[in-house]
């Protein structure tokens, strides 16, 4: 009988390349992978010696083009990205994984559709559900091979999301400590942050009395009714 060759399981990620990446806070090393199943390109920004065996300060950040690049104040993503990189730079050691799962996994166009529903009164969870998606469709299984590239088995995770902690623990990444990553609230993201706290279990402080007073001074000029409708 002719022997049958064993099938090699497909790789979740293929490592591609790296380069130096100077930022306002430190010079990181930028690493890139390609996900064969989807063609998506995932990134990591690493700083310092990560192979000591000690838990590594880490942030798992999902892509948010509107917040990370366009400075949207609807969410806290851009501020969290900057805060995490600054914190890593201050410690001189850490890693940020940048996963290409825009809009909590529903994609950019659908996120914009969700924003439109929010302008009509839905919250961030209701909008995703109305579009036929889960409230949070992200998957963190890629984190393990990305961290294994650096020999990282244990992290001090910068997050307010307990589900992210559980997800990493389930795939074999030990979360030794949760490091809160809180940012300032504003009139545009306050309801969004309250919904993440109430419906998704995020751990964050509510709007303070001072911020409540400031909120009245910076309410958005356009109401849902006055927003122009494009064909």
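Numbering starts at 1 and runs along the chain as displayed.
Just so it is clear, glycine is given a Cβ too, placed from its N, Cα and C backbone atoms.
Marked as domain 'GTP cyclohydrolase II' by TrEMBL: 18-180. TrEMBL lists 59, 60, 61, 62, 63, 80, 102, 103, 104, 124, 159, 164 with the feature GTP binding site. Annotation source TrEMBL lists Zn(2+) binding site at 64, 75, 77. TrEMBL lists 136 with the feature active site, proton acceptor. What TrEMBL lists as active site, nucleophile is 138.
Everything TrEMBL records as a feature, shown here on the structure.
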{"residue": "59", "record": "GTP binding site", "DSSP (3 states)": "strand"}
{"residue": "64", "record": "Zn(2+) binding site", "DSSP (3 states)": "coil"}
{"residue": "75", "record": "Zn(2+) binding site", "DSSP (3 states)": "coil"}
{"residue": "102", "record": "GTP binding site", "DSSP (3 states)": "helix"}
{"residue": "136", "record": "active site, proton acceptor", "DSSP (3 states)": "coil"}
{"residue": "159", "record": "GTP binding site", "DSSP (3 states)": "coil"}
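Of all the Cβ atoms in the protein chains shown, 21 others lie within 10 Å of the Cβ of residue 104 (GTP binding site).
Nearest Cα neighbour of residue 102 (GTP binding site) among the listed recorded positions (64, 75, 77, 136, 138): 64. Of the residues the record lists as binding GTP, namely 59, 60, 61, 62, 63, 80, 102, 103, 104, 124, 159, 164, the two whose Cα atoms sit farthest apart are 22 Å from each other. Within 10 Å of residue 64 (Zn(2+) binding site), judged by CA to CA distance, lies none of the recorded positions 136, 138, 159.
Each of the recorded positions 59, 61, 138 was ranked by the number of other C-beta atoms within 10 Å, and first place falls to 59.
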